[in-house]
Amino acid sequence: MTGHATVWGVRISRVVPGRAVTGDEVRELLSGTGATVREAVRLAELTTLRVGGPAVLAECGTTEALVATVRALDAAGVPVLLLAGGSNLLVGDDGFDGVVVRVATSGVELGADGVLAEAGADWDAVVAATVAAGLGGLECLSGIPGSAGATPVQNVGAYGVEVAELLRRVRLLDRATGEIRWAGPGELGFGYRTSVLKHSDAAVVLAVEFALRPDGSSAPLRYRELAAALAADEGESRPAAAVREAVLRLRASKGMVLDPADHDTWSAGSFFTNPVVPADRIEQVRAAIHAHVGEVTIPTYPAADGVKLSAGWLIERAGFGKGWPGAEAPARLSTKHTLALTNRGTARAADVVALARTVRDGVAERFGIRLEPEPVTVGVRL
């Protein structure tokens, strides 16, 4: 049986259940594709959370190799997990029974008013290159770990800017037909931290292109904390280079810039998305919060479908402070930012899952709001 299905939120192929594929089988299948195959690779080595069991890995350093590899695996009905930066991924301790296709492409082309990046290009390196070239627009997305190809999948956003606002087009491999085509933002169903690419396995991102500001000015500053750091009013612009520096400082202060020596950065970034409460429920939610923590000012933000609340604020007010549950725990909240679930060096995926469940359920019990995880999960259920 061949075709595609989504299991545990990950794009994989549908196959008859059976044993895991072996490295030798994959090498034979992928001979001539240009992929490099390794077996028994611990996925903990390839994810920023540093957890995850073993898998067969096929590394693709060119777009041609990536396309040929996915086509061959799909044709053979072998389950596929696409992996690039590994920054938004939680893999179970048993690993993955199919083939992990690592997207290791890295090309970046700068133009007069935009940038084209291959899917595997390091995202922050792409942002840095645009700023250095005098192009504005992406600077608020500085310091976000991961790959360029993942940004439209998640509709990555930070400090008031989302990928959907700047994306010109995305190059896709259609897995049903094997064809390659370009798609515009109107086809991608963008929403808050989501797109049709996140919830469908129908396409593989090969490259992304962004429309940028050729005068080197930033996108309008919409995030109060960032505007204050730049001594600017909300809605104003500043030089992209200055905004990038300010964003990197703010992210580093919250443990959101990768540093191998700092366990506060051994995370998937923000683990939960900020919940959007329907307008007709917001007063009920306010009452629940006030009943638990008293008459406090609740940070709220306008959203298309209601009112957006701060997940980090809710987590802390529910009793889960920075560093919870304590120094002895293998997985705990960051000591800098309650929205990051971190591996303190010895955590397994099961430890991260247990922490996520406890925090999610605690917030739901106290405030009646269910937090939704942002990372893709493989082989675990939250």
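Glycine is treated like the rest: Cβ placed from N, Cα and C.
A quick note: this is a predicted structure, and the numbers were derived from the prediction, not measured.
The Cβ of R193 (active site) lies under 8 Å from the Cβ of Q154, N155, V156, G157, T273, E374, each on the same chain and at least six residues away in sequence. As annotated by Swiss-Prot, active site applies to R193 (among others), with the evidence given as sequence analysis.
The Cβ of S270 (active site, proton donor) lies under 8 Å from the Cβ of M256, A311, G312, L339, A340, E374, each of which sits 6+ residues away along the same chain. The feature active site, proton donor is assigned by Swiss-Prot to S270.
Feature annotation from Swiss-Prot assigns active site to E374 (among others). For E374 (active site), the count of additional Cβ atoms within 10 Å of its Cβ stands at 19 [all protein chains shown].
The annotation domain 'FAD-binding PCMH-type' is assigned in Swiss-Prot to 50-253.
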**Prompt:** What does DSSP assign E374 (active site), in three states?
**Reply:** coil
**Coarse DSSP state, helix versus strand versus coil, of S270 (active site, proton donor)** = strand
